[in-house]
Amino acid sequence: MLFKQQVWLRQKLLVLGSLAVGSLLYLVARVGSLDRLQPICPIEGRFGARGQAEFPLRALQFKRGLLHEFRKGNVSKEQVRLHDLVQQLPKAIIIGVRKGGTRALLEMLNLHPAVVKASQEIHFFDNDENYAKGIEWYRKKMPFSYPQQITIEKSPAYFITEEVPERIYKMNSSIKLLIIVREPTTRAISDYTQVLEGKERKNKTYYKFEKLAIDPNTCEVNTKYKAVRTSIYTKHLERWLKYFPIEQFHIVDGDRLITEPLPELQLVEKFLNLPPRISQYNLYFNVTRGFYCLRFNVIFNKCLAGSKGRIHPEVDPSVVTKLRKFFHPFNQKFYQITGRTLNWP
């Protein structure tokens, strides 16, 4: 009798255990697929106490679901209309700097449920042919979103292209502008490394960095070399300040974003008047890749493309020293204008 009771009890426990595991798997699946459209709980408006319409905290899951299906052509425009989705002009743009970490910044900001990113670089304001197509063409390049969300695009060529500040000003004079910068010499070498890799893929030869960065006739820094010119941040910023006050810019430390991303992202949340939603849970260090990757939920993680974090070629230390000495006065002026001092040598 006792033996039968023990067998019955074991069977009962096995059934209950199976039910518990099944329920857990079902709930996990629901997080990533079902109920994407159901607002579980509201969050504060984008502007906090000043108040805006509420939007679902599950907006992030929603974007992973319906919007992804819409882009693949599996959802009708009528379904999008029923859910009040729109294509909005960006309320913030990452305008640069090339090889400063613009892609990483955009992907990390996309962790926030109130942010929707344009996946591709649009090159609307820096490309005359695209700009001639008009603002509605630009709008239609934007992703679908809730009206209360903010759309962000990034095109790092904007920062150094002369016509861009005026063109963006004409679209929206109160837009928020994000500039992510790295130590200028490191950024220039990274710029060179990307071009070098492209040449090598095509089996083409390319000059060494030293030969491009230093004028062989004068032995001084070659300011005609684009990688050097781009790193003179203050020269480009002064052009933007003819149209926008400094308060509409936020400087992101690209070097710190690599090693300590969360504090930098929290500063951007504050600048964009977003309720704080990105946490350490959303960022985890991938030892294999050597940098931080993104965790959206228990199901979906993402690392940046393998092309990110390229190994730089060795550069003559005397050339590095010469470049840092050259950039130093421009860096000091950049700190003074922006009000943010960075730990650059």
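A Cβ is built for glycine as well, from the same backbone N, Cα and C atoms used for every other residue.
What TrEMBL records for LYS99 is active site, for sulfotransferase activity.
Sequence-distant contacts of LYS99 (active site, for sulfotransferase activity), defined by Cβ-Cβ distance under 8 angstroms and a gap of at least six in the same chain, are PRO156, ARG182, ARG187, SER190, ASP191, GLN194. What TrEMBL records for LYS99, GLY100, GLY101, THR102, ARG103, ARG182, SER190, TYR292, LYS308, GLY309, ARG310, ILE311, HIS312 is 3'-phosphoadenylyl sulfate binding site.
For CYS293-CYS303, the entry in TrEMBL reads disulfide bond. Counting only same-chain residues at least 6 apart in sequence, those with a Cβ under 8 Å from the Cβ of CYS293 (disulfide bond) are LEU283, TYR284, PHE285, ASN286, ASN301, LYS302, CYS303, LEU304.
Marked as domain 'Sulfotransferase' by TrEMBL: 90-334.
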Which residues of the same chain, at least 6 positions away in sequence, have a Cβ lying under 8 Å from the Cβ of HIS312 (3'-phosphoadenylyl sulfate binding site)?
THR186, ILE189, SER190, THR193
Specify the count of other C-beta atoms within 10 Å of the C-beta of SER190 (3'-phosphoadenylyl sulfate binding site).
20
Would you pick out, from the binding-site residues ARG103, ARG310, the residue whose Cβ has the largest number of other Cβ atoms within 10 Å?
ARG103
